């Protein structure tokens with residue numbers, strides 16, 4: 001069933017069952033996060049419309065829609081830094097794809113392995129996961145770990161009707 005907020009996609013040979021699951025932006029695009037399949041390294045983010053996704057799913061090479069040039073481009077055709085498709089997944093909202101690839105050479109147009117090396121870090125407050133053994137008073141009761149029983153417990157190998165001190 002198509003989503004109400006999805007723009008009408010241009011004619012494409014994309015499988016209708018896949019197309020119906022996409023939640024496109026106002027330009028008919030979904031974000032495509034590209035990840036190296038064996039190391040899980042995030043390489044880049046590109047944009048796909050239905051036709052770019054169809055080409056990616058049926059050719060074994062990643063195709064994007066260039067928002068600046070308003071044309072399709074297959075990664076590696078001019079640079080030689082191709083992306084060979086290993087798997088494609090749609091996120092739970094239908095508005096992003098995870099494209100797992102075997103990357104040849106640099107993924108970024110700047111020549112770096114990833115586009116996130118080229119962009120560099122930005123200042124951020126770093127959070128720490130709470131110690132699970134720490135006081136859980138700030139955690140809602142419905143999300144707290146169950147209390148461990150204290151005192152003697154009954155083993156599933158013990159028959160409660162048997163005389164004390166022996167297994168069934």
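In case you wondered, yes, glycine gets a Cβ from its N, Cα and C as well.
Where the annotation comes from TrEMBL, it is an automatic prediction and has not been curated.
What TrEMBL says about this one:
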- 91, 93, 95: Mg(2+) binding site (BINDING)
- 92, 108, 115: Zn(2+) binding site (BINDING)
- 145-168: compositional bias 'Low complexity' (COMPBIAS)
- 44-117: domain 'Phosphoribosyl-AMP cyclohydrolase' (DOMAIN)
- 125-168: region 'Disordered' (REGION)
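All features noted in TrEMBL, drawn onto the structure.
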| residue | record | contacts (Cβ under 8 Å, 6+ apart) |
| --- | --- | --- |
| 91 | Mg(2+) binding site | 97, 98 |
| 92 | Zn(2+) binding site | none |
| 93 | Mg(2+) binding site | 23 |
| 95 | Mg(2+) binding site | 22, 23, 24, 25, 30, 31 |
| 108 | Zn(2+) binding site | 43, 44, 114, 115, 117, 118 |
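Broken down with DSSP, the domain 'Phosphoribosyl-AMP cyclohydrolase' (44-117) shows 13 helix, 30 strand, 31 coil. The residues near the Mg(2+) site, meaning same-chain residues not in 91, 93, 95 whose C-beta sits within 8 angstroms of the mean position of the site's C-beta atoms, are 23, 30, 90, 92, 94, 96, in sequence order. Mean model confidence for the domain 'Phosphoribosyl-AMP cyclohydrolase' (44-117) is a pLDDT of 95. Cβ neighbour count for residue 115 (Zn(2+) binding site): 18 (other Cβ atoms within 10 Å of its Cβ, all protein chains included).
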